[in-house]
Amino acid sequence: MQFFGRLVNTFSGVTNLFSNPFRVKEVAVADYTSSDRVREEGQLILFQNTPNRTWDCVLVNPRNSQSGFRLFQLELEADALVNFHQYSSQLLPFYESSPQVLHTEVLQHLTDLIRNHPSWSVAHLAVELGIRECFHHSRIISCANCAENEEGCTPLHLACRKGDGEILVELVQYCHTQMDVTDYKGETVFHYAVQGDNSQVLQLLGRNAVAGLNQVNNQGLTPLHLACQLGKQEMVRVLLLCNARCNIMGPNGYPIHSAMKFSQKGCAEMIISMDSSQIHSKDPRYGASPLHWAKNAEMARMLLKRGCNVNSTSSAGNTALHVAVMRNRFDCAIVLLTHGANADARGEHGNTPLHLAMSKDNVEMIKALIVFGAEVDTPNDFGETPTFLASKIGRLVTRKAILTLLRTVGAEYCFPPIHGVPAEQGSAAPHHPFSLERAQPPPISLNNLELQDLMHISRARKPAFILGSMRDEKRTHDHLLCLDGGGVKGLIIIQLLIAIEKASGVATKDLFDWVAGTSTGGILALAILHSKSMAYMRGMYFRMKDEVFRGSRPYESGPLEEFLKREFGEHTKMTDVRKPKVMLTGTLSDRQPAELHLFRNYDAPETVREPRFNQNVNLRPPAQPSDQLVWRAARSSGAAPTYFRPNGRFLDGGLLANNPTLDAMTEIHEYNQDLIRKGQANKVKKLSIVVSLGTGRSPQVPVTCVDVFRPSNPWELAKTVFGAKELGKMVVDCCTDPDGRAVDRARAWCEMVGIQYFRLNPQLGTDIMLDEVSDTVLVNALWETEVYIYEHREEFQKLIQLLLSP
């Protein structure tokens, strides 16, 4: 027993040693009958607790004099007297005005506030305590406009920051507090309310006060600036409803610029929706638009969708693309480029974005700019070309690769002009160990797209084989353009068409009489039909992938359908535009075996051949071209299984004709035969050129096993599963293969009947999925396409000559 007694005493001593001396505890007043009363103020008594050798402060319950609350228990008399004086001057209004104070938890909170904030008035304490009845006490009312010494804030400031609307009403209606006061930082009650979480407080302030709504603090921020900086979207909405001004300058410009600087998309959208002119506002420091301040792709995309000028310039002449390149914001730069940013815009000191990318040693950015049309030999105001800036790159490997790249595009390695020296002499590079010589570049390695591949791309872009002659508008032969399927890899087709247009100087629509497309090729065929530029389509594809390929497969069809409606019109019919003739492939899946269907913008030719199947089954015929909606035709041709759900009874045309060349030639032959049967032989035009564009050839890889059999052990089971997977992939690839024998058959057919056949399809270094969304991967694919164009420049030159000939 003695052992347990000593253990209890020891534990009690340790507990007392580490216990909080200011912990509020409910006690009986009778426990202090033997203690001396050192001080007494109202219901507050300071006892000298002789047995424990402590000084205890007890608040006697005004409603029950037999009980009380010990507020502290201190060992030093001096500390006890200081705290007693502090408590006695602050507690009286609270226990006199509200019985809620007489609870242990409330008293603990209140006494902690008194100690932690010695400069607070009773009104400040009442706000933080949050008991409404206290604000009816005369002493608290008298302190309603007092400012504390820590921040210079009034009780109303605290109520706003706390977000307590009920206390705010008490202060305004019963205490008649002033609402136009500021703290030491110059912040009004609106600034404090913005930092809270209750937008109703802002609404109450807006109804009761106008002063301070648009006032700037010592940092030059209005409440609206601060709300944008903190990302308080609801606060921004309420401030705008209270008529907060959007045109007050802050240190970073208008509130819209603050929202952009801190990437607060919701706040920026709210401001623009309330005042659309803010999207064009310029900040005072740089003269920059909100788009210049965009730090990520999402913010830039939001502004561009709302009509922001993508090529707006700052005071220094820089566009948003200049800023994105300077800050190495690749994703943001891609968004700007795909929305029409001028890749050759001259900014401060005449620098183009490519000049800046060179100085930043950003290879991916350089690729993107060149792919989107940036010129590599443009000098700035100092006569410096991108070549010269590339020579300053610190890393030797990168420097040599980029300099070689620029040399291969025809850029001259020249120094800035020297005063007093003729331009021809001043621009000549002196002989030194690093001078560039015109040497043949090493073979291209498309399997490993690294820096050395940069050196070849611009040669593809250089219009070395541009022909000035225009074709005869009354030519007697037809030209056919065939576009493969391939999802987002349709970008490769677009890049090939851009090269053809650039070399010929003629729009694709005017170069071809027939256009056939499957899936993504079908969308591009319709784009050609409706006179959409290929540069626009390139940007459109980059934008489309982010809208359509969201989540996991199969993707929702809604975004794709809305996209097609937006681009081609919700009510546009196939026959609304009849030149050139366009056909899109689709697969009718409501029958077995499935059949190929062509969506046309002309009447289908009548054939004399016997039906392939006996019509014992009542199958609904497809819609006539005059009734067929364009967007539905595009949706039906691109309904790739496992990627999107079927569009009614239509599946992706790639299942039967991923390379539509032979089907298109068959259609043209049947069309001409129908004209002859109808006595219109004079309208028949012989097909003279067939151009087939692919979406890139994936690299060939070995397959270890396609054996599927009945397994007899776990090892064989695993082997069978793996073989079934590989076999399934092989079957799909064989069904949708646009190359191989499909190309051989088309070429052979054309050679037999004297038709010029061109198959353009670059070899890719990596396998790219139909739903690829990585900007870097897609830019590299376009880069490889440009390299391919350069390597096949003679074939391109021959093609252009034939297309432009009568």
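Residue positions begin at 1 at the first shown residue.
Keep in mind that glycine also has a Cβ here, set from the backbone N, Cα and C atoms.
Features of the protein shown, as given by Swiss-Prot:
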REPEAT    219-248  repeat 'ANK 3'
REPEAT    251-281  repeat 'ANK 4'
MOTIF     485-490  motif 'GXGXXG'
MOTIF     517-521  motif 'GXSXG'
ACT_SITE  Ser519  active site, nucleophile
ACT_SITE  Asp652  active site, proton acceptor
REGION    677-686  region 'Calmodulin-binding (1-9-14 motif)'
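Taking Cβ-Cβ distances under 8 Å and a sequence separation of 6 or more, the neighbours of Asp652 (active site, proton acceptor) in its chain are Gly485, Thr518, Ser519, Gly586, Thr587, Ser637, Gly638, Ala639, Ala640, Pro641. Residues belonging to the repeat 'ANK 4' (251-281) score a mean pLDDT of 91 in the model.
Within 10 Å of the C-beta of the residue listed as 'active site, nucleophile' there are 33 other C-beta atoms, taking all protein chains into account. When secondary structure is read from DSSP and collapsed to three states, Ser519 (active site, nucleophile) falls in the coil class. Under DSSP, the residue listed as 'active site, proton acceptor' is assigned to a strand (E or B) in the three-state scheme. Taking DSSP states H, G and I as helix and E and B as strand, the region 'Calmodulin-binding (1-9-14 motif)' (677-686) has 4 helix, 1 strand, 5 coil.
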